[in-house]
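First the structure, in the form of structure tokens, and then the observations on it.
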Amino acid sequence: MHDIEHIRKNPKGFEKAIKSRGVKEFTAKEILEIDHKKRSLTTKLQALNKQRNEVTEEIKRLKMNKSPCEEQVKLSKSITSEIETISLKEQTEKNKLVDILSNLPNISAQNVPIGEDESSNVEIRKYGKKRKFDFTPKFHYELGERLGLMDFEQAAKISGSRFTILKGQLAKLGRALINFMLETHVNEFAYTEVYHPALVKNEAMYNVGQLPKFSDDSYLTTDKLRLIPTSEVVLTNLVADKIIEEKELPIRFTAYSECFRKEAGSAGRDTRGMIRQHQFGKVELVSITTEDQSKDELERMTNAAEEILKKLELPYRIMLLCSGDMGFAAQKTYDIEVWLPEQNKYREISSCSNCGTFQARRMNTKYFLETDRKTKKYVHTLNGSALAIGRTIVAIMENYQNSDGSVTIPNVLQRYMSNDTVISKQ
């Protein structure tokens, strides 16, 4: 959610910032007009409430003196009726304002490049050497099916398209990755592990910016609960409607969960394999910080996600996303892209974002200043995938494949896999 005070003070700047996020037809004029109507109605309500209070006091005084007060009672009823009418009008204007602001993305941070799509993203750094194969490498789905450990056909019969069944050592690899990632984030980066529900209320989705904009991309149950598209929804809402002591910040959470997305806008993209699924596992990071901490926290969070890839010895690069390619709630985002040799390109495996106060305003989460407890500020929220399990399996299979179709298990994972060193056909 946006700060209406900021829009009032700099409507042209706000308009330009929103347009850079891809909302080309946006104008701040409508917001200011609705805001003006709402404020005028609020002023009228305040005056009427004051007048009614004065009349009420006069009625009390007259009754104490046993004087006639019929006219004052009549006036009080008239004022009350007018208050009810204007209150409804004020609420209508409030709803209009919230509806418009709720559908506008966050404003980019100052150092975010302006651009419309991924072609304007900026490479920050690379890590690792790309493996040179002495044979023609295969796609992960070819390897998985030949190993008899990855079953797309039966998954489609059971659930439809964009689902996968993993068996044997590949299922074990997924479990190993979950344990490895969580242990790394908890032990080396001081995140608190959380186990949480996979179903949430609409309010929780709204708080993080998933609703109302992306309503069609989530799965809604008959009793109006939604399957989470990411653990970010729950982890961020752990502090909803709270006022936190500044000394308690930053707060850091991590969780593994299954995630569910309709992928409504992905028709025809990545139709084979595990890159884009309706259900996928992911380890998520969420941080709640002060205004001054959030910039450094984004770098720290990105480093935590990077550390997983470094330990797995997978080549990757860090991309700073442009204004038009960032997620709805983000003000600055780093994408981590892992190298996939068969595709001969880097593919996103993690996204780490600083959302500033955007989510905090929606869920009303603030912190007391240590130096002045009368002053409260909105917290900053950050989130990052560290990492997506399915895409990490893809990266391991394609980078660690052998000429006979087997897959070498990265050294760091072998202790989680009964000291196995190779995934081979059983």
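Think of each number as a place in line: the chain as shown, counted from 1.
For all residues, glycine too, the Cβ spot is worked out from N, Cα and C.
As annotated by Swiss-Prot, L-serine binding site applies to Thr230, Ser231, Glu232, Glu284, Ser385, with the evidence given as sequence analysis. Residues annotated as ATP binding site in Swiss-Prot: Arg261, Lys262, Glu263, Glu348, Ile349, Ser350, Ser351.
What surrounds the L-serine site, by Cβ distance within 8 Å of the Cβ centroid and not counting Thr230, Ser231, Glu232, Glu284, Ser385, is the set Val233, Leu235, Ala255, Ser257, Cys259, Lys282, Val283, Leu285, Val286, Asn383, Gly384 from the same chain. When the binding-site residues Arg261, Lys262, Glu263, Ile349, Ser350, Ser351 are screened for a Cα within 10 A of the Cα of Ser385 (L-serine binding site), the ones that qualify are Ile349, Ser350, Ser351. One residue stands out among the binding-site residues Thr230, Ser231, Ser350, Ser351, Ser385 for having the most other Cβ atoms within 10 Å of its Cβ: Ser350. For Arg261 (ATP binding site), the nearest of the binding-site residues by C-alpha distance turns out to be Thr230; the candidates were Thr230, Ser231, Glu232, Glu284. Per the record's binding annotation for ATP, residues Arg261, Lys262, Glu263, Glu348, Ile349, Ser350, Ser351 show a top Cα-Cα distance of 19 Å. Between Ser350 (ATP binding site) and Glu232 (L-serine binding site), the C-alpha separation comes to 13 Å.
DSSP assigns Arg261 (ATP binding site) to coil, not to a helix or a strand. All protein chains considered, the CB of Glu263 (ATP binding site) has 15 other CB atoms within 10 Å. Between Ser231 (L-serine binding site) and Ser351 (ATP binding site), the C-alpha separation comes to 13 Å. Residue pair Lys262 (ATP binding site) / Thr230 (L-serine binding site) shows a Cα separation of 13 Å.
Annotation note: Glu232 (L-serine binding site) sits in a helical segment as assigned by DSSP. Between the alpha carbons (Cα) of Ser351 (ATP binding site) and Thr230 (L-serine binding site) lies a span of roughly 12 Å. Note on the binding-site residues Arg261, Lys262: the fewest other CB atoms within 10 A surround the CB of Lys262. Glu284 (L-serine binding site) sits 19 Å from Glu263 (ATP binding site), taking the CA atoms of both as reference points.
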